[in-house]
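So the structure is just underneath, and the comments pick up after that.
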Amino acid sequence: MAVAVTAVLFLAVVIAPQWTETKKPPRPSDTSDTSGTSGRDRRTMCPLSIPGIVQNCYATLNAFPSKECCKDLKTASKREVTCLCNNVIAHPDPLYTNTNQVNKACGVLDKYACDAGNSNGGATKKIVASMGLFGVVASLFF
């Protein structure tokens, strides 16, 4: 009986925060393509609007970016930052694995955080993880 109660409490503790967590609406792709094509086509067109940044900064596989790269990253518009976040940084290609190192070296890590609108800084996931761990530990003792 105690095992069943512990199992139910464990599931309630782990699952409940996921039910009460607010969900963000899906973000539309921010692209330069206004021809009315499908979202998938527009997402693939977005990197074409910023080839210089991708080529000079992320495609080099070098953690030490050039001055030109840093200048481009620092002067990028909000539209370009959103495009890079949605297509290169958030969904990295194996060729672009150095995005965080390049952004950090150029001093623009905060600008390219890609989820700056989330003000809790991942606290929800930490709470869920700690509650799940508590449930596992509690189930060992009861």
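Cβ atoms are placed via backbone N, Cα and C, with glycine included.
Here's what Swiss-Prot has on this protein:
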type     : residues     : note
SIGNAL   : 1-22         : signal peptide
REGION   : 21-43        : region 'Disordered'
COMPBIAS : 29-38        : compositional bias 'Low complexity'
DISULFID : CYS46-CYS85  : disulfide bond
DISULFID : CYS57-CYS69  : disulfide bond
DISULFID : CYS70-CYS106 : disulfide bond
DISULFID : CYS83-CYS114 : disulfide bond
LIPID    : ASN120       : GPI-anchor amidated asparagine
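In the structure shown, the C-beta of CYS83 has more C-beta neighbours within 10 angstroms than that of any other entry among the disulfide-bonded residues CYS83, CYS85, CYS106, CYS114.
Classification of CYS83 (disulfide bond) by DSSP places it within a helix.
One residue stands out among the disulfide-bonded residues CYS57, CYS69, CYS70 for having the most other Cβ atoms within 10 Å of its Cβ: CYS57.
Between the CA atoms of CYS70 (disulfide bond) and CYS114 (disulfide bond) there is a gap of 17 Å, rounded to the nearest whole number.
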